[in-house]
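Colleague: So Swiss-Prot says this about it:
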MOD_RES   Met1  N-acetylmethionine
DOMAIN    7-42  domain 'EF-hand 1'
DOMAIN    43-78  domain 'EF-hand 2'
BINDING   Asp56, Asp58, Ser60, Glu62, Glu67  Ca(2+) 1 binding site
DOMAIN    83-118  domain 'EF-hand 3'
DOMAIN    119-150  domain 'EF-hand 4'
BINDING   Asp132, Asp134, Ser136, Thr138, Glu143  Ca(2+) 2 binding site
Amino acid sequence: MDTLDEEQLSALKKAFDSFDTDSKGFITPETVGVILRMMGVKISEKNLQQVIAETDEDGSGELEFEEFVELAAKFLIEEDEEALKAELKEAFRIYDKGGDGYITTDVLREILRELDNRLTEDDLDGIIEEVDEDGSGTLDFDEFMEMMSG
């Protein structure tokens with residue numbers, strides 16, 4: 001699983017500490033929902049309860065900071081992945097000039113050159129050969145997505 005960056009961890013710690021008013025080292029499940037919603041995470045009460053139950057490893061009914069981070073990471077990382085997918089979908093749509101659901105390997109070559117101008121023709125050939133396994137000369141969105149997100 002991916003990890004949170006320093007900025008995200010710092011924001012989570014501040015939120016956790018501000019709701020842990022008695023400095024007991026834990027927060028209630030209700031508070032978790034409030035914090036997640038403040039951070040822009042949309043989650044139903046039912047899903048929240050389910051995730052809290054999975055994350056509350058010691059069964060205390062409260063979440064310690066480590067448990068809270070584990071829970072929040074699931075949503076924050078998932079949100080980042082969704083944003084990446086949306087951006088890639090938009091980029092693909094722009095390059096799919098015919099609107100037929102695929103781009104040619106020539107177009108892919110242009111995209112890769114724009115992303116990294118240090119790539120040699122051999123590098124580009126290697127990447128395209130790897131991505132265009134069937135040799136069709138085209139890539140659909142799923143293949144493009146897989147290549148761009150590793």
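Sequential numbering from 1, following the chain as shown.
Placement of Cβ uses the backbone N, Cα and C atoms for every residue, glycine included.
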Colleague: What else in the chain is close to the domain 'EF-hand 2' (43-78), if you only count residues 6 or more beyond its ends and a Cβ gap under 8 Å?
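Modeller: Tertiary neighbours of the domain 'EF-hand 2' (43-78) are 1-4, 8-9, 12-13, 16, 25-29, 32-33, 35-37.
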Colleague: In the domain 'EF-hand 2' (43-78), how many residues does DSSP call helix, how many strand, and how many coil?
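Modeller: Taking the domain 'EF-hand 2' (43-78) as a whole: 25 helix, 2 strand, 9 coil.
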Colleague: Expressed to the nearest Å, what is the distance separating Glu67 (Ca(2+) 1 binding site) and Asp134 (Ca(2+) 2 binding site) at their Cα atoms?
Modeller: 45
Colleague: Other residues with Cβ within 8 Å of the Cβ centroid of Asp56, Asp58, Ser60, Glu62, Glu67 at the Ca(2+) 1 site?
Modeller: Phe26, Thr55, Glu57, Gly59, Gly61, Leu63, Glu64
Colleague: Compute the C-alpha separation of Asp132 (Ca(2+) 2 binding site) from Asp56 (Ca(2+) 1 binding site), stating it in Å without decimals.
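Modeller: Rounded to a whole number, the Cα-Cα distance is 45 Å.
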Colleague: Using DSSP, how many residues in the domain 'EF-hand 3' (83-118) fall into helix, strand and coil?
Modeller: 24 helix, 3 strand, 9 coil
